[in-house]
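A.B. asks: Dropping a structure here in structure tokens format, bear with me for questions.
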Amino acid sequence: MARGKNHPDGEEEEAPAAAGEEEAPVEMDEEGEMEEEEEEEQGEGEGEERDEGEEEEEWEDAEEVEGGEESEQAAAEEEDSPLVVVEAEAAAPVVDGSPPKLAEGYYEIEDIRRRRLRKGKLQYLVKWRGWPESANTWEPLENLSACSDIIDAFEMRLQSPRPGRKRKRKITTTPVAGSNPSHGKRGRPRLDAKSHTRAPAPEPKQLPCRTSCRRATNCSSKTVAGLDASGSVVRNQLAQNIVQEGSSSVISRTPCQELPLSIRLTDQQNEHHLVNGSSNSENLVKVPPSQGGQVTGAKKRKSGNVRRFEQNKPTQGQGECGALVVAEDVGSTEGETGDKKKTEGCPNRVHITKIIKPVRFAAAVNNDVQQVSITFKALRSDGQEVMVDDKELKANNPLLLISYYEQCLRYNPTS
């Protein structure tokens, strides 16, 4: 029903309509706020997704950067590493007459000289083409992986025998004619069967007469005649022994007769020399060397007089081992040492055993040098007391004289 504008109902109806109109924008505002909140929430979700995506992108970029750095480092290490291989693929096209151009860091191998094992790794000494021998380097097997053919050839050369070495061994082992006998490992000469067969050394009692004995036997008549001509007295027993033996080449000897038979002087002869005041050295008789076809041994030194003195006076009935003054023409060292041992082994030989006391002394000046001679009273091995000069003791019993001097030493400390 249509109503006018002034109708109260109409007015009343219009009022609620206006109120409806007024409520509509409020509802619209609430819906807009809801939509804005939803949009904001969506924007925040998108922002978070964007942030997460950006973070993921940053992580990916960092990983890419790290991977790039690692690749760059690996490339740098590959460039800096001393890999020395020969690669035909890396070589540039070769012009005729010019050496091949290799990639950077690669060098051409001329030959392999030696091989060694260092710290458990196999290494080869490489000779580089175009470089001197002083530039050779030891390279591990890993650096020569592309040169297996050269390494195989080198190993084959090592395994194959060298003919030059065999020739050298043959030369060193071939004995030279007329050379010295071969030696053992320690340098000792190898003895032949002939050198091993040596005659066993006979016992001392079975030894034949030595050179001095043979000379005395052959020249016995000359020696006796010479002594008689010089006015010396020869022991009767010696003359009788020589006459009894005759021309025999071997003299039967008792232990006392093992002394050298060149010259034997009696006690009377010694006393005669002492009475006349002549020294023993002036009355020495030289025995001429044996002549004939007899062997006297090789001379190992110059001939000279070997003097054996014993100034002690033997008693009566001492037999043939009395005091001796011997001068022998030395022909060989063997005869000398043998006679010396025999002389020392004589059981009846008399010697000084003790110096009792000094008796007198005499001073003399010779060539402006004062010399003192001391006479001692000494005890002999046969129990007799004799007078002995210090010179005789020095010649025959030096140790006994030194021992006596040491016993007589006196020490007076100065205050």
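The chain as shown is numbered from 1 upward.
Using the three backbone atoms N, Cα and C, a Cβ is placed for every residue, glycine included.
Keep in mind the model is a prediction, meaning the values are calculated, not measured.
Below are the features I grabbed from Swiss-Prot:
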{"type": "REGION", "residues": "1-102", "note": "region 'Disordered'"}
{"type": "COMPBIAS", "residues": "84-95", "note": "compositional bias 'Low complexity'"}
{"type": "DOMAIN", "residues": "107-166", "note": "domain 'Chromo 1'"}
{"type": "REGION", "residues": "158-209", "note": "region 'Disordered'"}
{"type": "COMPBIAS", "residues": "172-182", "note": "compositional bias 'Polar residues'"}
{"type": "REGION", "residues": "273-318", "note": "region 'Disordered'"}
{"type": "DOMAIN", "residues": "348-412", "note": "domain 'Chromo 2'"}
A.B. asks: Taking every residue in the domain 'Chromo 2' (348-412), what is their average pLDDT?
C.D. replies: 86
A.B. asks: So how many of the residues in the domain 'Chromo 2' (348-412) end up helix, strand or coil by DSSP?
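C.D. replies: Secondary-structure composition of the domain 'Chromo 2' (348-412): 17 helix, 32 strand, 16 coil.
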A.B. asks: Which numbers of helix, strand and coil residues does DSSP report for the domain 'Chromo 1' (107-166)?
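C.D. replies: Helix, strand, coil within the domain 'Chromo 1' (107-166): 26 helix, 22 strand, 12 coil.
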